[in-house]
Amino acid sequence: MAAKELHFNVDARAALKRGVDQLAEAVKVTLGPKGRNVVIDKKFGAPTVTKDGVTVAKEIELADPIENMGAQMVKEVATKTSDLAGDGTTTATVLAQAIFREGLKNVTAGSNPMALKRGIEKAVAGIVEELKRISVPTTGKKEIAQVGTISANNDPEIGNLIAEAMEKVGKDGVITVEEAKGLETTLETVDGMQFDRGYLSPYFVTDPEKMEAVLENALILIHDKKISAMKDLLPALEKVAQLGKPLLIIAEDVEGEALATLVVNKLRGTLRICAVKAPGFGDRRKAMLQDIATLTKGQVISDEVGFKLENAVLTDLGSAKRIVIDKDNTTIIDGAGEQKDIEGRVREIRGAIDKSTSDYDREKLQERLAKLAGGVAVINVGAATEAEMKEKKARVEDALHATRAAVEEGIVPGGGVALIRAQHVLKDVKVAERDEQIGVDIVRRAIEEPLRMIVQNAGGEGSIVVEKIRTAKETSFGYNALTDVYEDLVQAGVIDPTKVTRTALQNAASIAGLLLTTEALIVEKKEDKPAAPAGGPGMGGMY
């Protein structure tokens, strides 16, 4: 085992502070509408140009192992805030640096770190309650567009696209971000339920121009096993043929004699029919087939419950107004399912999401929920170059997270103003001793820091702006750094999701509290490697 190096008390905290400051200084230049760019060197390809705090933070590794510890702990603040709220990473970093810096001065002057930490926690709890009180629910498309615009570094095109997507698919809908082939950034929405399985044979196509099979007012047969023998399918097919309605067969697979017979009947015009494979795999496939059955008011014909395919009757089949199948996807529009059954199924999936511990499972459950409850929207991000594409895609993803957070917990005035507005509650925080009061005062000073930084990046003087806003009476009065005017920020569209501001403060205080109460550091000792031996003499005339 390699030898370790130990550092204690003042030395340890001073080294941590150097690391925290290096990371924070690189990140906080990006804060606000007039934040500066950071250029990150890449081993391959063009350098990345970004104004996204978490992207900058993730790239930072310091040479000194102790300083690097401090930097990594603050990086944790940025990434945790990004994961939970999707935005506010730079604000969280600025707050963590400010709380740690002010706290360190007091610890060095003899304050008890544990009492400071208790004071910081009490102050943060008070501010979080006040943020919830001044929070306003997001109701309209306009507010969602404003939140998206701010999170996408003041790009109204992205804000409007996200608002439109949310309006179309609802708050439970899935919105995905893809790279477009051209320069335009566009929005595509899919009504109804879509799954990624296409027709099993191109002979099923009804529209040769678009290479699509379109079935109007169709019945749907859902089976969880392979269909290869025609005799199993025949009874159901005869009943459907008598009705004269189109039929979609969804099964694990349709092959051999069964597929050939279906194709022949389709080509002769005896049946309007199409067959597709069931979506998903294993248990997820069973669940997705049950979702389709609920949506279309059908039954999953399954041997597992003693339900054989040859015994299927018309009432076991689902139905939908329109079904569109291309070579890759099947879309079921306007299924005949009862609303109460669909809502029951949605509640089941929501329960499973709450209990799920795996991110992957949760994502898949969320997709199923969207297909049942809302719909699916795809934002195709277009740009002129690869570097611009990456940067823009990251901004769209940030803005998407932030708008979801706004819908969840509401909005507060942006531009660092909400924290200043919540400052007054700190005078009522009950403390047990003087050092706890110092902890409360540390937070009082630290929550001004995001506003100071926004003003500083815009070329102004932070202290003057903070004082002017603190003495104003209106809750949403603040400084709009983009236009350089004082105005009602909510009306001007400068708003932040409450969840973003709350998460940034809580995460920053948590890590700063840990850093302040650190008394020892253990790092691996650097080994003094001996110089490499010089090369040996040449081998003479040997070949």
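Numbers here mean position along the shown chain, with the first residue as 1.
The backbone N, Cα and C atoms fix where each Cβ goes, and this holds for glycine too.
Note that this is a predicted model, so its numbers are computed, not measured.
Per Swiss-Prot, ATP binding site is recorded for 30-33, LYS51, 87-91, GLY415, 480-482, ASP496, and the stated evidence type is sequence analysis. ALA481 (ATP binding site) counts 25 other C-beta atoms within 10 Å of its own C-beta, drawing on all protein chains shown.
ASP496 (ATP binding site) falls within a strand segment according to DSSP. Least packed by the Cβ count within 10 Å, out of the binding-site residues THR30, THR90, is THR30.
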